[in-house]
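Peer 1: Dumping what TrEMBL says about this protein:
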BINDING   G34, A35, N36, G37, A38, G39, K40, T41  ATP binding site
DOMAIN    9-55  domain 'Rad50/SbcC-type AAA'
Amino acid sequence: MDPEPGLRSLRIESLRNIRRLDLAPDTRTLLLTGANGAGKTSVLEAIYLLARGRTFRGTKAGPLTTQGEFYTRVEGRYQPSDRDVVRLRYVKEGATAVRDIHPPLWAETGGADWRSPLQVKLVGENAQILLDGDPSLRRRFLDWNVFHVEHRFAQVQKDFTRVLMQRNAAIRSGGSQLGLWDRRFIALAESVDRQRAAFHAEWRTCFLDLCGDYPFLHGTDLRYRRGWPDGRELGETLVALADQELARGYTLAGPSRADFRIDPGEGRRGFSRGQTKIVVALLQLAAERVHRAHGREPVIWLLDDLEAELDRTLAERLWSAFGATGNQVIATRVATDGDPGIFGNTESLTMFHVEHPG
Ligand SMILES: Nc1ncnc2c1ncn2[C@@H]1O[C@H](COP(=O)(O)OP(=O)(O)OP(=O)(O)O)[C@@H](O)[C@H]1O
């Protein structure tokens, strides 16, 4: 039998307020409890650094490295579902961050960072920003998920971005060279769109299925907008936009204008903060279902204060949806007394109390 996939060990040195922490998350669910500011989110951040090589926190969170120290180091051992244990390390010294993986990335992955054997999906504070924020956030989210279904998407996307930049440069220099780029631009644009649309179709089906458990989501839909009008060719759209593009100085149609939207359904204007958080969590759960259906490695769920903003019924329902995936979960909860809250009935639960060092 294949071993149960999961993070087996984690060592953190000099990350935010954590000077040193060793963890052996040897169960399916690890619940980190502690007071506000104890460092729970920083533990999730450490795992995210190992998986993605970058933080999920913005500059407002301040420097990653503990004040007075010169480097941050995170090391972990991850057991994939069908291979030997992989060791991962992230080291940041000043502005330089290096992440390495042993054995090196699997041959078929081509070494790209986003194909790390350790995959995580986060539901964190500000989950709402995915729906309320800039469309570029949603495009990045969408593309990340498309990559994990179809690894070749990375190259298509890279080629498209290069041609988009060349096309934008041609617009800025008066447009006379545009014809040179448009054929290639359109071919790549259609290719990017095809792969995004294929992912969206599966993602939407899983999302709507998950919505069934939440009455406030009845009638909700997940729509994909490809970046140019339905029923129109991209070529004719670009012709129609030519003057505007020259005036604005960049491309106004195509995959760089794509987006996805949650349509709340008839008679509903929008969602509350807690409801939006549920929607974002379901988008993550639905994406994971698609990835698993395509034979991808299960992710580790990083659930930062899942209960925040949710009433007990919704929080329990959402937690059971994550628990039902069978994936490893590393969750946090504000509790000074070790109360597991909604995680109380979880099988195979380990708790770890994060203490503020000072
Ligand atoms: N570079 C740094 N050096 C030292 N301490 C830092 C640094 N950056 C952040 N901190 C502190 O580290 C702590 C990080 O807390 P973190 O957000 O991980 O806590 P938490 O347990 O998730 O809290 P909450 O429950 O309030 O979300 C904060 O107390 C913060 O002030």
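Even glycines carry a Cβ here, placed using N, Cα and C.
All annotation found in TrEMBL is predicted automatically rather than curated by experts.
Keep in mind the model is a prediction, meaning the values are calculated, not measured.
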Peer 1: Would you please pick out, from the binding-site residues A35, A38, the one with the fewest other Cβ atoms within 10 Å of its Cβ?
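Peer 2: It is A35 that, of the binding-site residues A35, A38, has the fewest other Cβ atoms within 10 Å.
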Peer 1: What other residues of this chain sit with their CB within 8 A of the center of the CB atoms of G34, A35, N36, G37, A38, G39, K40, T41, the recorded ATP site?
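Peer 2: Those within range, site residues removed, are S42, T332, V334, V354, H356.
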Peer 1: Output: those binding-site residues from G34, A35, G37, A38, K40 whose CB lies less than 6 Å from an atom of ligand 1, in sequence order; none if no residue fits.
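Peer 2: Checked binding-site residues vs ligand 1; flagged G34, G37, A38, K40.
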Peer 1: Calculate the per-residue pLDDT averaged over the domain 'Rad50/SbcC-type AAA' (9-55) and state the result as an integer.
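Peer 2: The answer is 95, the mean pLDDT of the model over that range.
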Peer 1: Per DSSP, to which secondary structure element type does T41 (ATP binding site) belong, with helix, strand and coil as the options?
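Peer 2: The three-state answer is helix.
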Peer 1: Can you check which residue among the binding-site residues N36, T41 has the largest number of Cβ atoms within 10 Å of its own?
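Peer 2: That would be T41, with the highest Cβ count within 10 Å.
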Peer 1: With DSSP as the yardstick, break the domain 'Rad50/SbcC-type AAA' (9-55) down into helix, strand and coil residue counts.
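Peer 2: Across the domain 'Rad50/SbcC-type AAA' (9-55), the residues distribute as 13 helix, 19 strand, 15 coil.
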